[in-house]
């Protein structure tokens, strides 16, 4: 059970004189749901960007399933099974929900260019299979009705769910969720919590969750890492982290109570 | 869920049938037009067809993939010169140019010469622009402008092959209505099939949001290059068809003005749309002809 899926070794990222992530080391076990919290500017999103290849690492290593993936490009990272969402909802504007979802099948290279041009049986079977998978996942997320709507016209709650759906459709082994409940109302947040649980428990996708909503983090994460100024200041179970003096001082505040 | 799927299945079946019917009617119309139109109007129809090909190929890069290129004039020159050199009469080549023997003796069938024209344009586009893919936005546009300037300079100065500023005259009049509209329809079909599959989705995604496309596993550099290859191939083919219609090619045949005309066609009809490209080509071709006497 406690097999490592991701390991960060002394990860450092410098932007000029600013060190955003400093000698950051952590491990994530297979199937774990890890919460990454900390004040703004602590380096949480930078860490995500380093893992997903959007930023170049200054020093240190990223080990994924025993392979060094430090220097991979974002598309290669997605290809080996690490999906991510972004802090702000990112969907292809001007396209329908379905078209957005179809892009997820890009990495499952099942038919070639000739199949495409001549619309062979293989092409049709694969496309139909993809469509079925998309329908199924959208149905699970309760957004099947919006399938043919342009993403720009949808309310933020639906957009957020679509955003997570497209990451799930990549069929990753590890998903990086960057503030999935930001800007959501309480009922949408509850729904997203259920979705995150489902992703982690039923789909068995290891998850790292960056979140500012402590109710969410404390509820669903099995382990929490608290960052400040690019470094770990506390690590452990939700109860331990809540009681940690340094964490209360740096992030939670003295009045915080669950 | 069942409902939508059945609906889409029917839709596809019907669409296939309708498309075939429309194609059939279209070719009958072309047949009638080719027999009834007088020389001038027939020529405008052919120009319109070539403009459709050029606009559609520009649409792949400037529209769908959102790599704004001003270099397509240079690619047309590459295609035009290639097909001219491969098909010009042997006496002309022997008297005015100093070519290697195999090229001097070359008399290639039209179909191969336009394919080769496309391939040469593709190679030219890739060699000059691949390094430029590292640039973004305005900087890429300026770099792409370089293709035009480089190709015009080559055409003016490599006299043994291109005959300098005079250009090459007397290309055989191979281009006809069937070639042009055949290729145009093939291109429309090609773009449509690609766009509704993995390949085109990747290109559209790059055009909309490159960062997100990469997060979804699309190798953006590779797919941009693919888009540019297809685009420059058909631009080269367009230049070749043009050369065999006008029967002459010179360094000033496809200057920046021509590029902007094609961009105008693209923008007026609507970027990232097949029907828009056709409509834009029709409107601008007509306007240019109407304004000619003024």
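Keep in mind that glycine also has a Cβ here, set from the backbone N, Cα and C atoms.
Quick look at what TrEMBL annotates:
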type	residues	note
TRANSMEM	B:18-34	transmembrane segment
TRANSMEM	B:40-60	transmembrane segment
TRANSMEM	B:67-90	transmembrane segment
TRANSMEM	B:110-132	transmembrane segment
TRANSMEM	B:139-156	transmembrane segment
TRANSMEM	B:176-195	transmembrane segment
TRANSMEM	B:225-247	transmembrane segment
TRANSMEM	B:259-288	transmembrane segment
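Per-stretch counts of Cβ pairs under 8 Å to the transmembrane segment (B:139-156) identify B:67-90 as the leading one among B:67-90, B:225-247, B:259-288. By the count of Cβ pairs under 8 Å, the stretch nearest in packing to the transmembrane segment (B:176-195) among B:18-34, B:67-90, B:259-288 is B:18-34. Same-chain residues lying 6+ beyond the ends of the transmembrane segment (B:225-247) with a Cβ under 8 Å from its Cβ atoms: 43, 46-47, 50, 53-54, 56-58, 60-61, 64-65, 67, 69, 72, 75-80, 82-84, 87, 110, 113-115, 117-122, 124-126, 129-130, 133, 169-175, 179-180, 183, 187, 190, 194, 199, 203, 206, 253-254. Sequence-remote contacts of a segment are chain residues at least 6 beyond its ends whose Cβ falls under 8 Å from one of its Cβ atoms, and for the transmembrane segment (B:110-132) they are 69, 71, 74-76, 78-80, 82-83, 86-87, 140, 143-144, 146-147, 150-151, 172, 174, 179, 183, 225, 228-229, 231-237, 239-241, 244. Residues 33-34, 69, 72, 76, 175-177, 180-181, 183-184, 187-188, 191, 203, 227, 230-235, 237-238, 241-242, 245, 262-263, 265-266, 269, 271-274, 277-278, 280-282, 284-286, 289 of the same chain lie 6+ residues outside the transmembrane segment (B:40-60) yet bring a C-beta within less than 8 angstroms of a C-beta in it. Sequence-remote contacts of a segment are chain residues at least 6 beyond its ends whose Cβ falls under 8 Å from one of its Cβ atoms, and for the transmembrane segment (B:18-34) they are 42, 45, 176-178, 181, 185.
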